[in-house]
Amino acid sequence: MTRDIHDHRILILDFGSQYTQLIARRIREIGVYCELWAWDVDEADIREFAPKGIILSGGPESVAEEGSPRAPEYVFNAGVPVFGICYGMQTMAHQLGGSVQCSLEREFGYAQIELVEQSPLFKAIEDAVSESGAPLLDVWMSHGDKVEMIPEGFHTVAKTSYCPYAAMADEERQFYGVQFHPEVTHTRQGQRMLEHFVSDICGCEKQWTPAKIIDDAIERIREQVGSDKVILGLSGGVDSSVTAMLLHRAIGEQLTCVFVDNGLLRLNEAEQVMEMFGDHYGLNILPIRAEDRFLDALAGENDPEKKRKIIGNTFIEIFDEEAGKLTEVDWLAQGTIYPDVIESAGSKTGKAHVIKSHHNVGGLPEDMKLGLVEPLRELFKDEVRKIGLELGLPYNMLYRHPFPGPGLGVRVLGEIKKEYCDLLRRADAIFIEELHNADWYNKVSQAFAVFLPVRSVGVMGDQRKYDWVIAIRAVETIDFMTARWAHLPYELLEKVSNRIINEVNGISRVTYDISGKPPATIEWE
């Protein structure tokens, strides 16, 4: 068995599919480390990474169009197994001498493929059997183009009535391609296919487990910081909380957690954080009341991106100041996680478009005086939660709904004022309380209130009022890349609305956001 949990690893090249991060998460769930890189990576980087296997993701473009993305030629000469998914299969076929054609018919949604030849990728898996005795698999298709001719050395593994090459393989070189998406749950046996590729074909050992990740992180932290002191911004969110517990276990009293009450937190959150981490877990916490400083810095600013940058920069300024007051503090710890790194890095070709800057990555000033410690930067959110459970953090804290790094700064639309934050805090708390009371909190993936900077006429008793509007939002999602608005019961929505309007003086109207993602994002800013 290998000692380094990163030794056996898979490289995923991203061609732009909305499911690419899902591939990486599925590989990690198997117990194998993987990284996700842009498709236009240099050969030297692949050689240095030395993967046991390479996966080519799906993507929105057409292989038949000039200038569409291609895998580096080295991928097919690296001497390791290669697995092409959807667009990845098409570019593999094209680059190795086959042909891909645009089709007038497209195949989206559920499909049933028939296995026509055996392959290690599909070993001992089937969902049904055809009348002729052939294994059948239920899969999820999402493609327009299709392979018209497979390259020399390949054979057909599976087909559909529409797609003659639903799966292909060159067993000698260990090259595999599927036209469907094994990473999505709609492909019922997809996880087993990925496990066959990673474990059986690539020969990867399952070293990537919560206990081993913790041991590895502790060793790396100790190696990085030595006897130096570390300062961490503790918000009480999942990422910063798990970071705090990891650091506390690794370096103990060398860690000082700075808890900044920026005026953008949820109701009673400051008291809850201090009680849990200070009183219960015994961490060294330095509380800083900085509401006025943040609100002054944000005064007059309406642009969401600029608000995020201001909040991030103000945090760093405070950390710099507090570190200067402490002796020999050289390191700033952050709860940056892997999706932050992926989405902020983009593609080296410059084709990636920043939808929203990430609080942990995009807000760092160039002249920051402290070194960075980011023990979670290799982990997806679901992995962070599992690590937290292993470290002893409570389930209800780790699995509560996501809260953005900038806090209410991106849930108060437009300019941020203390009055708006106070109203929003109370409205949001009522919404969350009623979701718990109605046993709906754990049925939705995320729920929150948004302050709208518009006034609306209302009537309270015989009094006319002209007050602010609150929007409430609840969504259902598996991966947060797509989301459906939650169909909450009318009675629950009515109760939430009545409570907010009656109990939060200054609110005259409550609306329910019924936008999906896409086209809307989950957060309003």
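Every residue, even glycine, has its Cβ placed from backbone N, Cα and C.
The model shown is predicted, which means the values in this text are computed figures rather than measured ones.
These come from Swiss-Prot:
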DOMAIN    9-207  domain 'Glutamine amidotransferase type-1'
ACT_SITE  Cys86  active site, nucleophile
ACT_SITE  His181  active site
ACT_SITE  Glu183  active site
DOMAIN    208-400  domain 'GMPS ATP-PPase'
BINDING   Ser235, Gly236, Gly237, Val238, Asp239, Ser240, Ser241  ATP binding site
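Excluding Ser235, Gly236, Gly237, Val238, Asp239, Ser240, Ser241 themselves, the residues of that chain whose CB lies within 8 A of the CB mean position for the ATP site are, in sequence, Leu234, Val242, Thr243, Ala244, Gly335. Within the same chain, residues at least 6 positions away in sequence whose Cβ sits under 8 Å from that of Ser240 (ATP binding site) are Leu232, Gly233, Leu234, Gln334, Gly335. Take the CB of Ser241 (ATP binding site) and look out to 10 A: across all protein chains shown you find 25 other CB atoms. His181 (active site) has Val238 as its nearest neighbour among the binding-site residues Gly236, Val238, Ser241, going by CA to CA distance. For the pair formed by Val238 (ATP binding site) and Glu183 (active site), distance between Cα atoms is given as 25 Å, rounded to the nearest Å. Least crowded of the recorded positions (Glu183, Asp239), judged by neighbouring Cβ atoms within 10 Å of its own Cβ: Asp239. Asp239 (ATP binding site) sits 25 Å from Glu183 (active site), taking the CA atoms of both as reference points. The secondary structure of Gly236 (ATP binding site), as reduced to three states from DSSP, is coil rather than helix or strand. Counting every protein chain shown, the Cβ of Gly236 (ATP binding site) has 19 other Cβ atoms within 10 Å. The CA atom of Glu183 (active site) is located 33 Å away from the CA atom of Ser235 (ATP binding site).
On the backbone, the CA of Ser241 (ATP binding site) and the CA of the residue listed as 'active site, nucleophile' stand 38 Å apart.
In terms of C-alpha distance, the listed binding-site residues Ser235, Gly236, Gly237 place Gly237 closest to the residue listed as 'active site, nucleophile'.
Here the recorded positions are Cys86, Val238, and the one ringed by the most other CB atoms within 10 angstroms is Cys86. Least packed by the Cβ count within 10 Å, out of the recorded positions His181, Ser235, Gly237, is Gly237.
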